[in-house]
Each structure stands twice: as C-alpha cells, then as structure tokens.
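As written in Swiss-Prot, here are the features:
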TOPO_DOM  2-10  topological domain 'Cytoplasmic'
LIPID     6  S-palmitoyl cysteine
LIPID     7  S-palmitoyl cysteine
LIPID     10  S-palmitoyl cysteine
TRANSMEM  11-36  transmembrane segment
TOPO_DOM  37-59  topological domain 'Extracellular'
TRANSMEM  60-88  transmembrane segment
TOPO_DOM  89-151  topological domain 'Cytoplasmic'
LIPID     109  S-palmitoyl cysteine
MOD_RES   114  phosphoserine
MOD_RES   116  phosphothreonine
MOD_RES   118  phosphothreonine
LIPID     139  S-palmitoyl cysteine
LIPID     141  S-palmitoyl cysteine
TRANSMEM  152-178  transmembrane segment
TOPO_DOM  179-238  topological domain 'Extracellular'
DISULFID  184-228  disulfide bond
LIPID     199  O-palmitoyl threonine
DISULFID  201-220  disulfide bond
TRANSMEM  239-268  transmembrane segment
TOPO_DOM  269-277  topological domain 'Cytoplasmic'
C-alpha cells in the first residue's frame, strides 16, 4: 500500500470536529494567556504611574495581578495537555462509532502502529524490550481512559461551566477600559457633551481596583486625555480585547468538544456497546 493511500484511509477515521476544536482551543488559550499576562502587566504600570503615588494603596492589587499571572501559566499547561487528550479521545471514539456503522475499518497503518507498540520483540536488546514494555503500559493506561467517553463528557462539561465564568470575568477589564476610552473621547470633543471637562474623570476606586482612601485614585480632564493617548494605555486596552476574544474561542472549542463527545457516547450507548469498546 502506498503512502498516499495509507494517509487517505487514515483521514477517513479522523474526527474533524475534534481537530477543529483542538486547533481553536490551542489558539484561544494562547491568545488569552499571552495577551492577558501582558495586559495585567500594563495595568500595573498604569496604576502605579498615574492613579496612586503610595505603594501601600496598590500593593494588594499587585499581589492579585501576580497571582493571576501564575494561574495563567498553569492554565496554559493544563489546556495543552487536556486538549491533546481530548483529541486522542476523539480519534478513539470516532473510530468506534464508524466501526458500528461500517464506515471505518482498521487500516494497515493502524496494524503497523499496533505492531510497533506490542510486537516485534525479536532482535531487540534488553533496553529495547524495556522501552517497548513501558510504551505498551502507557498505551494500555491511556486506552482505559479513552474507553470511557462518559468521563470526558462530565469533565468537559464541568470545565466548560468554569470557563464560562472566566469568559465573563475577562469582559470586566474590557468594560473598564472602554468606559475610560469613552470618557477620553468626550474630553477630546467638548462640544458633544454638556459636562465640564474638569468633571470628566476615570476613577479606579469606583471599580474596586484601588481602595477608597487611595490618593489621588482618579484622573480628570486633560490629564486623563493625555493618558489615553499614550501607547501604553492603547496597547493594554487592545490586549484585554484580544484576551477576551481568546476566552471566547476557548469556550467555543470546549462546547464543540462536549457536543462531539456526547454524540459519540450516546451512539455507543444506544447501539449496545456500553462505555467499553
């Protein structure tokens, strides 16, 4: 069998929904974590430069920002591993479903992979046998997990609910920066507002970013307009928007994973195959 025909047969069993969801998940998490990390750093600089001169006023905020940045590191690592595991689950269950409907058969490629993992002990040294045995044990343990799609449905459902909260929280800084930017637009065009320019302010204390006793805590008028014109403010604003888009993409990917896993599990259950196959 030629390489082209082998690849064509392998593509027949490819879970395209899981492939798209995996790519979207990696893209969304990378965008959310990377842009979110830099946006938090930019926010820290803006606060300590323009909104408060006393370190004690924003010390708690800095600790929270650093904690969120460490959480971002863990989130990126977790989603990379879990996304790869969900993709493997997609291949596993999609192959089982297509075997039920007669649309998928084990190819020579699959047999070759199986032989590579479990067979071919002759002619190997003790080191080669040990490596093959270790790989076989890993694949056996992974197969036990992949043989229970109901677990992945439950875990992915819980993860989707948690990420829905993350998605909602990622909209908060976008809302704050958008309000600040809108105020700056009103200051830049005083003819479009009846309020005095000096009364148009951005108050970090109002959003709980700083305590109420922080000084000055707010910036008004032309000073606020000059802040909005800085590259640092504009970059931070756009980074938060990008992080929000990344959170949305990750949420869509989790929903796609959950729908695909639920469908495969339902088909296997209804066709009398149970959860072990």
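For all residues, glycine too, the Cβ spot is worked out from N, Cα and C.
Long-range contacts of the transmembrane segment (11-36) within the same chain, counting only residues at least 6 positions beyond its ends with a Cβ under 8 Å from a Cβ of the stretch, are 68, 72-73, 75-76, 79-80, 83-84, 86-87, 89-91, 93-95, 98, 103-104, 170, 239-240, 242-243, 245-254, 256-257, 259-260. The DSSP breakdown of the topological domain 'Extracellular' (179-238) into helical (H, G, I), extended (E, B) and coil residues amounts to 36 helix, 7 strand, 17 coil. A gap of 12 Å separates the Cα atoms of residue 228 (disulfide bond) and residue 201 (disulfide bond). Annotation: 228 carries the greatest number of neighbouring Cβ atoms among the disulfide-bonded residues 201, 228 [cut-off 10 Å, Cβ to Cβ].
Separation of the C-alpha atoms of residue 201 (disulfide bond) and residue 184 (disulfide bond): 9 Å, rounded to the nearest whole number. When Cβ-Cβ distances below 8 Å are used as the criterion, the topological domain 'Extracellular' (37-59) is approached by residues 65, 68-69, 72, 173, 204, 209-211, 213-219, 223, 227, 232-233, 235-236, 239-240, 243 of the same chain, each at least six residues removed from its ends. Cα-Cα distance from residue 199 (O-palmitoyl threonine) to residue 220 (disulfide bond): 7 Å (rounded to the nearest whole number). Annotated pair residue 184 (disulfide bond) and residue 220 (disulfide bond), C-alpha to C-alpha distance, rounded: 9 Å. The 10 Å shell around the Cβ of residue 199 (O-palmitoyl threonine) contains 9 further Cβ atoms across the protein chains shown. Note: residue 220 (disulfide bond) has non-local neighbours 198, 199, 200, 201, 202, i.e. same-chain residues 6+ apart with C-beta under 8 A of its own C-beta. Packing around residue 184 (disulfide bond) is summarised by its Cβ count: 19 other Cβ atoms lie within 10 angstroms of its Cβ, all protein chains included. Counting residues of the topological domain 'Extracellular' (37-59) by DSSP class, helix then strand then coil, yields 20 helix, 1 strand, 2 coil.
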